[in-house]
Amino acid sequence: MGMVPVNLIPEVLRNLVHEHALVVPISLFVAVLCLCLVVGHLLEENRWINESILAIIVGFIAGIILLLVTKGKSSHILTFNEELFFIYLLPPIIFNAGFQVKKKQFFHNFLTIMLFGVIGVFISVSIITCGSWWLFPKLKLLGLSGQDYLGTIFSSTDTVCTLQVLHQDETPLLYSLVFGEGVVNDATSVVLFNAVQKLDVSRLSGKTFSVIGEFLYLFITSTGLGVITGLLTAYILKALSFGRHSSVREISLMILMAYLSYMLAELFDLSGILTVFFCGILMSHYAWYNVTETSRITTRHVFATMSFIAETFIFLYVGMDALDIEKWKMTQLSYGNLMGIYSSLILLILLGRAAFVFPLSALANYTNTRATSDQASSITFKHQIIIWWAGLMRGAVSIALAFKQFTFSGVTTDPVNATMITNTIIVVLFSTLVFGFLTKPLIRYLLPHSATRKSISHSESGPPFDDLNLPFLSLEESAATNISRAKASLSMLIESPVFTIHRYWRRFDDAYMRPIFGGPHGNQSQC
């Protein structure tokens, strides 16, 4: 067998790359993903490192190696495309969040979660927008449009770092609030971003109610589409009993229907995030109980795995993109002005977060204590600090919205747009690395392991009334009895709306929904 001449090896490599232009970078990226998983396993017990931080660091190192190999031309294995993110990476992450959510805790704390996740986003966006509008021109960052200033990009949180430290069984209230707010926050940020993009900023006067109306329309219709898709999937699985012949078909149907719900929402210009999130909740509440035991175990692991890979993929790319030399060269501002912009954005994020977490926590404590007379349902000051801290990290959604706003298929030739992309990357890197590194020590200091058990009782806390079988109005009883029952129900609704609605929903669910769509039986109910 003859030897290949040494001088032909570079030529062979060039031909290989040319013939497999897409296969080579994908293979390299998958190899880096595998390396990230192995290193993550080895550092599992580290008190400072979590999965997202590790992925960014590995991506950063891979970017340095690529810069050296390409002699400073590129730090990327793959080119970012917002369609790749919104169509392929985001749906499994959000669907898994809805599918794995502890529904009982989520809906018990629903009003508080919506306060943080919806009202809080509007407050944060207002502060970041006003602050940017005032500070950016002073720091020589000019040429931004009205939509560019609006702070939805920097209001989307990434709570993964905190959730990896908190334990769902030890601090159910805190975990539920951080998890629920994280998902609703992302959905609200994207919905608000899309609503703002449709706004004619040159005619902004009197358009506030138009933005709110557009937001509510997107929110309600997107949620409705998710609910309908989830119920349809559950009915099909229950009526046709797929599991009698093939577990593969019923698992495939759940995955494809979830993805279809997201794509339909995007097709109709709705919010795919909200749609697929509520589709996940409905599937886990009804459809999951209509499949075989093998499929139940498989679906939980498959959805979690897809979500984990997608998140790791995104943070790897963020680490590599931090070394994109072209974007840094395109920026025409001095280092002093750039540092001022970075510092201003971090400060505005801190202020915007504090401006709603502490006041809304006080409001939630007032309403919850008045409704339940139970101090266990109160959000303590230590819990408020953790909730505030959990939302300081910025992640995948911020990156995707920035690329969608300031680039075309990941590329820009405008210096101002390039500056905004680098601003977003620096904010994501700083918040994830610095705040993320400090998350574990902070939580262990504020919530020692022995103290966290005190919160467990809240998971079973109930309303201030004992009768769990509150009857509906009945045609078989007298009008006086029904009127008396309606007055009692209205009084309970006013005093403790969440618990009252939850109890009536459970009765309605047992009586009408589960016989049609399936679901848990008796005390297995989680919602």
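Cβ atoms here come from the backbone N, Cα and C positions, even for glycine.
Nobody curates TrEMBL annotations by hand; they come from automatic prediction.
Feature annotations, reproduced from TrEMBL:
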TRANSMEM  20-40  transmembrane segment
DOMAIN    32-443  domain 'Cation/H+ exchanger transmembrane'
TRANSMEM  52-72  transmembrane segment
TRANSMEM  84-101  transmembrane segment
TRANSMEM  113-136  transmembrane segment
TRANSMEM  215-236  transmembrane segment
TRANSMEM  271-289  transmembrane segment
TRANSMEM  301-320  transmembrane segment
TRANSMEM  340-364  transmembrane segment
TRANSMEM  385-406  transmembrane segment
TRANSMEM  418-438  transmembrane segment
**Request:** Could you give the residue numbers and ranges of same-chain residues that sit at least 6 residues beyond the transmembrane segment (20-40) on either side and whose C-beta is under 8 angstroms from one of its C-beta atoms?
**Result:** 51, 54-55, 58-59, 62, 77-78, 309, 312-313, 316
**Cβ-Cβ under 8 Å with the transmembrane segment (385-406): same-chain residues at least 6 beyond its ends** = 52, 80, 82, 85-86, 89-90, 93, 116, 147-148, 152-154, 156-163, 166, 174, 177-178, 181-182, 185-186, 189-190, 193, 311, 314-315, 317-318, 321, 349-350, 353-354, 357-358, 361, 379, 412, 414, 417-418, 420-421, 424-425, 427-428, 431-432, 435-436, 439, 442-443, 446-447
**Fill in**
For the transmembrane segment (301-320), the distant same-chain contacts (Cβ-Cβ under 8 Å, at least six residues beyond its ends) come to 29, 32-33, 36-37, 51-52, 55-63, 66, 75-78, 80, 85, 88-90, 92-93, 95-97, 99-100, 160, 251, 255, 395-396, 399, 425, 428-429, 432
